[in-house]
Every structure is written in C-alpha cells, then in structure tokens.
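Enquirer: As annotated in TrEMBL:
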{"type": "ACT_SITE", "residues": "CYS83", "note": "active site, nucleophile"}
{"type": "ACT_SITE", "residues": "HIS158", "note": "active site, proton donor"}
{"type": "COILED", "residues": "239-266", "note": "coiled coil"}
{"type": "DOMAIN", "residues": "6-220", "note": "domain 'UCH catalytic'"}
{"type": "SITE", "residues": "GLN77", "note": "site 'Transition state stabilizer'"}
{"type": "SITE", "residues": "ASP173", "note": "site 'Important for enzyme activity'"}
Amino acid sequence: MADAGNWCLIESDPGVFTEMLRGFAVDGLQVEELWSLDDDKALMKPVYGLIFLFKWRQGDEGAGVPSTKENIFFAQQVIQNACATQALINLLMNVSDPAVKLGPILTQYKEFAIDMDPATRGLCLSNCEDIRTVHNSFSRQTLFELDVKGGYSEDNYHFVTYVPIGDKVFELDGLREAPLEVSDLPDGKDWVEAVRPIIQERMAKYSQGEITFNLMALVPNRQQKYQEMLDALTQANENGELDEQITDITINIQEEERKMTTYRKENARRRHNYTPFVIQLLKILAKEGKLVGLINDAYQKAEARAKKPALNTDKTVLKLKDESMD
C-alpha cells in the first residue's frame, strides 16, 4: 500500500462517522450503531447500507462472487489506516436517493473518478486532500504508552460495507480487487433480512468468545425526518386530534438534538491535546513521591492481566469500541 500522506486510525463510533458526514458536507444522512439486526429503532428506513468492523485475518476469502457490474462504484484501498473512510465513501457513492446530497467534496471526487478502474479510484481518493483532511480531523494526540505486551500479538481490524444495488446485495471491501455479490434481493424482500445470514456466518467463523464486532447503519437524518413529520402533523392538526403524536415527535427531535450534542462533546475530547495536563500531573505525583509506586503498580497489573487465560463466553457480543487497524 502507498502512503499518500499520513492517515490516522479512526474509532468505530457512530458519532465519529456522523461527524465525518458533516465534514464532507453530506446532507440527509447519519450513522447509527446497531446492537442487532433486529434493532428497529436504530434502523430508520430506508437503510442505505451497513458498515461492519471485524478482525481481519490473512486468507479470508469472504462469501460471495466477484462482480464487475458497471453500475457499482467501488474504489480499492491503496493507503494504510483509511479503511473507515474508504468503507463510508464506497457506501455513499452507491446511494441513489435524490433526498441525499453528497456535497461538493464527494460529488467532485465521484465525477472525476467515475470512469476509472477500482485501483485508480482508490489512488485518487488517497490523493484527495479534502477527504484526507476530514479523515485526519479525528487524529488523536500521541500520549505515553507502557510497552508491556505480555505475549499478545497485535490484532488488525477492518471495515467493509454491505449495500443493496439493483436486485443484489454486495460486499464492498477495499482490500479486494472487486465487489462481492453476496445475496439476491427478491422483489419485496428487505435487503437487511437478506444480508443477516451473511453477517452471522462471518461472525461464526471465529472461535466463541474470541472477538467482538461492531455494526453500524447508514440511515436518513433522523432530526430532519422528524421535523418533516412534525410540520405535516402541525399543519393537519386543526381540531387537536394529533396533539399526542405531535408531542411524541417533539420528544424524538429533542432526543436527537441531545445525541448530536453528546457526539460533538465526545469528538472534541477525542481531538483534545491532553499532554500538558498529563505532564503537569506527573510532575505533581513526582513531587509528592507517588509516581514511582504508581508506575510499578501499573506494570504489575499489566503483567497479571497478560497471564490470565482468555475468557469464554456463551454468546458473541456485537460491539467494539476500539480503533481499526489495517
């Protein structure tokens, strides 16, 4: 893989991905985290695509048939650490809803790369300074690390996208040469139902209790949708018969506002440079004679954790609040 400048690791979090959409000036969309594929509250229809984070393993062939259909926009990943943005952009390039506006950055990229092969599209993406700037806006400040590996090897995590296109469902994985056709989509069938066994089968390949996953959905902007519903209900509420529905929708709008406020705060914390605070704290602890003891205690705890056997669980948890590494 080429470097094309430095690309930071991105945390698998709906607040991060939603703010990336805002950074790209995409209008009409947000990203929701799913605890299961039955999460009707999170899956506001239509669901434009799913973003799946999993532990990458060498030689994993995936389940599906390579496709060369021309109606699929697919860019290969040719740079390190960019799989989060790569998955999101591959998904966005295949959204055909007129209510969704890609914004100038992604519209310009799509128009420029539309007639290129997947590898060249990936190269263009890697050299797009505007896309890289949005991606790297989530870079974390480098702090201090204790190098206590304890015999554990480093795990690599990777993002892929599942998206319905025409009468098929495809897996878009930037590390592959082509999209994978993973499922047919009969008339009237919910595509999320069609892809459910594909994801479950992929998760089942790992040992029980070995790994956790993260799954997110690209859905309409909830606050905008609720506001449209509220406006329509308010206009039709001549006799007060719709007051209860109006109250419910108003509460939903307030919940979305609170959630977006929380996302902004969390992202601000991700970007904040805590180094001066940490240095000052270390100075105070050293002055009070506590620093060496705390460091030794941290080493002992880290070594004790490294010696513990892996825990076995009865079920796989669909959750990973960690950074992707690929």
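Residue numbers in this text run from 1 along the chain shown.
From the backbone N, Cα and C atoms, a Cβ is placed for every residue, glycine too.
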Enquirer: Give me the Cα-Cα distance between ASP173 (site 'Important for enzyme activity') and the residue listed as 'active site, proton donor', rounded to a whole Å.
Expert: 9
Enquirer: Using the structure shown, find which entry in GLN77, CYS83, HIS158, ASP173 (the recorded positions) has the sparsest Cβ neighbourhood within 10 Å.
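Expert: Looking at the recorded positions GLN77, CYS83, HIS158, ASP173, the Cβ with the fewest others within 10 Å is that of HIS158.
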Enquirer: Determine, to the nearest whole angstrom, how far the Cα atom of GLN77 (site 'Transition state stabilizer') is from the Cα atom of CYS83 (active site, nucleophile).
Expert: 7
Enquirer: Cα distance, the residue listed as 'active site, nucleophile' to HIS158 (active site, proton donor), nearest Å?
Expert: 6
